[in-house]
Amino acid sequence: RDSQQAATERLSRWKKWRRTSSKSLKKALNEVKGLSSYLVLWHRDIHSIEGKFGTGIQSYFSFLRFLVLLNFIIFILMFSFVILPIIISKYGIFNSTIAYISPKNIEDNCTIYEPSGNKGLVYFYSYLKDLFSGTGFLEVTSLFYGYYTIDAVWISVMRYNLPLAYLLATFAYLALSFLWIMKRSVEGFTQNLVHDADPFQSYCNKVFAGWDFCITDPNAAQLKHRSLLYELQMDLEEEKLKQKIAERTMKEKLRIYSLRIFMNIIVLAILLGCFYSIYRVTVFSQEKSNVSIRNDTRTDSVNLLVQYLPSMVITLANFIGPLIFSFLIGFEDYTPASEIQLTLVRCVFLRLANIGVLLFSLWSQISDCSTDKCKPCGYNYKLYPCWESDVGQEMYKLMIFDFFVILAVALFVNFPKKFLATHCSWKLIQWFGQQEFRISDNVLEIIYGQTICWIGTFFSPLLPAIATIKYFIIFYVKKITLIHTCKPAARPVRASGSNFFFLAVLLIGLILAFIPLGVSIAQIPSSKACGPFRNFNTSWEVVPDTILEFPTGLQQVLFGMASEAFAVSFFMIICIVMFYFMALARAHKRVVEQLREQLVLVRFDPLLTPQRELEGYRN
């Protein structure tokens, strides 16, 4: 310090001022960064959960916060590029007007669309039915696809192409979700690699460098102490299980592998049974609903029950399936992290396939041309005059049902179990009432809901806003349930591996959401009675139609980029780049292994001085 002060005195006034300003700016930025952490959503709540229940459960609430932010950004995107221009033009702001779509070369039968709005005297229960099913007054609002029957919005002399904006906004929110998930996945994967690289290094980091000496609050210090305690418990639990696995005899290995094969057969049978049940119920509901619509033979309540039957069965399968999988996984003798990952994989196939079966049954009815029902329009226009809104209503109902099930489980299952365990001394009731926070089940719930949101946003642009409110409420419901009804896990779970695996499963849900959206946009004919694409055979046709308005040179470039020759060349270049980075990664891995060997030698060889160690690093 004395030498630095002596050197500072010899500097000019300008350099002294620059150095002082730089230090002050860095100090101010660090203070702002420290204060900004308090502005992060649920920062204190998640920090408190980490101290009381460990980093594994904390990772779930951090994951839930990420989905709240993601859905809010998607809502802002859809609102800004689809809904806001319509609001501006309807009120004449900035001298704007609306150009509605006039049907071209379309038969009159295909343009008939009469939403089931409420007419005459309306009872209160009708509004509730419409609110829960997305029909009636909600069907003609901006919540669903059929509302956006607009070709362009003129703002002064500028033409805003709404059909193109609608499609590009869809691609934008899918690309945003993909890039954001990939970014967080890479960060989690890096942390996972660092942790798994050297167990001894992990212990040293926690014991000698795990404490935060900036903590001054006693409560914060207690929370940090508990967090480190849970981390050490996880390390010891995993080391104990690894030692147990290494000491297994051949007889024990055969017994465990045979048991796992048997459990997987049971799981496969449960999955097939759920898929078949949902398929049969969906076909039954579609057939009976169509018959009742044509013959008008059922009351409103019975018809509503038949229409909701697929959603009820899907929700029931989603509720019972994970409970069975969580029970079976306990017999397979995996590590806590492996239990969560394997249970998530099984439940993912169950939940996401349920959505696929529902959409497949809907598309089979929409594209049913067995009796020349869809010759004039290309789809079954008599039963589905605006099929996009019908799909949006199904996604809306699944979202609402999923939310009510989560609330019902918290209120009518978790709290009564805790009440019985607290006020009843029977051992059976005590065992039944003691419950842990099942991370895999809770993560799967929100991944399932997020997949519904990604699929349904094209058919219901305001669905991300509903998902944001839903996850915001679920955070507090889960927090209250965790604190008041759950005990700390007997086998703690590490956050580093969990975070990465949660995002990997979420990425699977996003990739699977691409399939139904791609089929809807590029394959199934768009509705001729509603929506922004009524003058196009499919929604994708708005892209080449817009390109044809560009200059000839630009058209040739864009069509050339869409050709097979360009695709093959681009694929070859990507493969070469990928192989290069794979070779580079292998080289870096070898260097890291050599550096670790040098560090091991430094621990035991006194002749290796720090200077030689530094030279080894430089080499």
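Glycine is treated like the rest: Cβ placed from N, Cα and C.
Listed features, source TrEMBL:
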- 386-496: domain 'TMC' (DOMAIN)
- 66-88: transmembrane segment (TRANSMEM)
- 164-182: transmembrane segment (TRANSMEM)
- 257-279: transmembrane segment (TRANSMEM)
- 308-331: transmembrane segment (TRANSMEM)
- 343-363: transmembrane segment (TRANSMEM)
- 395-415: transmembrane segment (TRANSMEM)
- 500-524: transmembrane segment (TRANSMEM)
- 565-585: transmembrane segment (TRANSMEM)
Does the transmembrane segment (343-363) reach the transmembrane segment (66-88), going by 3 or more CB pairs under 8 Å (6 or more apart in sequence)?
no
Let me spell it out: take the transmembrane segment (308-331), skip the flanking residues so only those 6+ beyond its ends count, and list any with a Cβ under 8 Å from a Cβ in it.
133, 259, 263, 266-267, 270-271, 274, 277-278, 281-282, 284-285, 339, 342-343, 346-347, 350-351, 354-355, 358, 361, 394, 397-398, 401-402, 405, 409, 438, 440-441, 444, 448
At a C-beta cut-off of under 8 Å, are there same-chain residues at least 6 beyond the transmembrane segment (500-524) that contact it? List them, or none.
59-60, 63, 167, 170, 174, 177-178, 181-182, 184-185, 188-189, 191-192, 337, 340-341, 344-345, 348, 352, 355-356, 359, 363, 366-367, 379, 387-388, 391, 443-444, 447-448, 450-451, 454-455, 458-459, 538-540
Which residues of the same chain, at least 6 past either end of the transmembrane segment (164-182), have a Cβ under 8 Å from a Cβ in it?
70, 73-74, 77-78, 81-82, 85, 148, 454, 457-458, 464, 503, 506-507, 510, 513-514, 517, 521, 532-533, 539-540, 542-543, 546
Taken over the domain 'TMC' (386-496), the model's mean pLDDT:
82
